[in-house]
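Let me begin by presenting the structure, written as structure tokens, before commenting on it.
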Amino acid sequence: MEPEAPAGRAPAAASKLSEAVGAALQDPRRQRRLVLVIVCVALFLDNMLYMVIVPIVPYYVHAAGEKPTPTSSPTPPTPTNASAVTGNTSEPPTADLPAKPIVKPRHPRDNEDVKIGVLFASKAILQLLVNPLSGTFIDRMSYDLPLLLGLGVLFASTVMFAFAEDYATLFAARSLQGLGSAFADTSGIAMIADKYPEEPERSRALGLALAFISFGSLVAPPFGGFLHEFAGKSAPFLVLAAVSLFDALLLLVVAKPFSAAARARANLPVGTPIHRLMLDPYIAVVAGALTTCNIPLAFLEPTIATWMERTMAASEWEAGIAWLPAFVPHVLGVYLTVRLAARYPHLQWLYGAFGLAVIGASSCLVPACRSFAPLVISLCGLCFGIALVDTALLPTLAFLVDVRHVSVYGSVYAIADISYCVAYALGPIVAGHIVHSLGFAQLSLGMGLANLLYAPVLLLLRNVGLLKRSRSERDVLLDEPPQGLYDAVRLRERPMSDRGAAPRSPPGPLDACEEGDYDYYTRS
């Protein structure tokens, strides 16, 4: 009987563990923290996949271009390509390669650069095209099911990257990633705004998501290069595929998107159509600021390595590591903006305007740098300003929807995603042409001037912070039935004896539904 005692205790321990996990998942505060973790991992994964191919894709494109055309390429491989890809080529004239360094190598190199630029831009282009549809879909279907769909598409895209052998497969995988990002990114940010309706918590949660985005973008290139070098070309993508699968399974456990409660949650109120949100002047100003502040980053990423090589004779290692220190000021900018927004929430427009001014000054200083250290300082200023703008204005979009529209956030964050995608779709394709025709200095000065000129436009938002959410709630809650999830929660929270007083704001929608199964969705 004694040997059977541990075996008999195992089911009891498992049942206790499952009960503890179930109790933890029923706690509203813990559940929304888990949702925040799931969304942050999804955003981290998407940006890891976006940037992990930076050190890898030239090898893919070059190998795909070299494969089976012996007669169609009369010119021998260039010295750069020959040393970077294979040393045991069957062509004998290896001794002639150093003798012609600058004669003809430019055409294959430029052709590869065009292919790489199109490959990078394909993700943002498809994401830009799908976002208007994904925003409406998210408004209709709630947030958890589109997030699960986006994670599934990202998993498929990552697996395609792992086993791609030609440029067409790479292009299809990259475009498929754009489709997944249109659902995962938009629904994830919208879910954070929905779970954290009150301003100090909302800014903190969105700031944490932005920190994960930045961390994924900066860590991905060394991560991809290391695994590609020592574990094979498929290794980084298989690791990311495993992370996306784990995140999707965690979402299934926490949110239960196919349960009866989820079907009730999917019966959300009708949100404001995306075209009407685009016509809102305040939302249009915020969207323009998000595009303008990201243009320098999107245009410098594909061009600054070549400029560093020509201007300061920088090595590939220096060109790759130049962006890495910028992670610290980016996180610092997120932290400062969150703290300032908690103390002075009506000055969000000022934080964004100051961030645009910092971005403009930093972008104008980049061409004047002639050594590595000043360039790193300029790039740190650039990322610090972007953190200020993003952290200040993303919560402002949710606040504008709360005050001026129905509190359903899919379409408004689809507009934010469109703003980012405009910059990152144009950057890899247009930046190189501008540098070739006008020069790198003119490109940097033009982007800096655009940010400096746009900073005063945010003065149009100075009255947004003075709008009282309670006044909007009183009009909606007392004069007409609730129109959105946000209003339905407030209506349930408002005591009947307190009709003459200003409505009180609860800590969050999940905190009000401890009775079970989130039945407040059905009340709307």
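Going from the start of the chain as shown, residues are counted 1 onward.
Here the Cβ of each residue, glycine as well, is placed from N, Cα and C on the backbone.
What TrEMBL lists as compositional bias 'Polar residues' is 81-92. Annotation source TrEMBL lists domain 'Major facilitator superfamily (MFS) profile' at 35-473. Marked as region 'Disordered' by TrEMBL: 66-108, 492-524. According to TrEMBL, the transmembrane segment annotation covers 34-61, 145-164, 205-223, 235-255, 282-300, 320-342, 349-368, 374-400, 412-434, 440-461.
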In the same chain, residues at least 6 away from the ends of the transmembrane segment (440-461) whose Cβ sits under 8 Å of its Cβ atoms read 281-282, 285-286, 288-289, 292-293, 295-296, 299-300, 303, 307, 348-350, 352-354, 356-357, 359-364, 366-367, 385, 396, 431, 434
Within the same chain, the residues 6 or more beyond the ends of the transmembrane segment (412-434) and with Cβ under 8 Å of it are 113-114, 116-118, 120-121, 123-125, 127-128, 131-132, 134-136, 138, 181-182, 185-186, 189-190, 193, 274, 277-278, 283, 286-288, 290-291, 294-295, 297-303, 394, 397-398, 400-401, 405, 442-443
*Between the transmembrane segment (205-223) and the transmembrane segment (349-368), do 3 or more CB pairs sit under 8 angstroms, pairs being 6 or more residues apart?*
no
Within the same chain, the residues 6 or more beyond the ends of the transmembrane segment (282-300) and with Cβ under 8 Å of it are 352, 355-356, 359, 362-363, 366, 379, 382-383, 385-386, 389-390, 393, 396-397, 400, 404, 412, 415-416, 418-420, 422-424, 426-428, 430-431, 434, 443-444, 447-448, 450-451, 454, 457-458, 460-461, 464
In the same chain, residues at least 6 away from the ends of the transmembrane segment (374-400) whose Cβ sits under 8 Å of its Cβ atoms read 189, 193, 199, 202-203, 206-207, 210, 214, 280, 282-283, 286, 289-290, 293-294, 296-297, 300, 308, 312, 322-323, 325-334, 336-338, 341, 348-349, 351-352, 354-363, 365-366, 368, 409, 412-413, 415-416, 451, 461, 464, 469
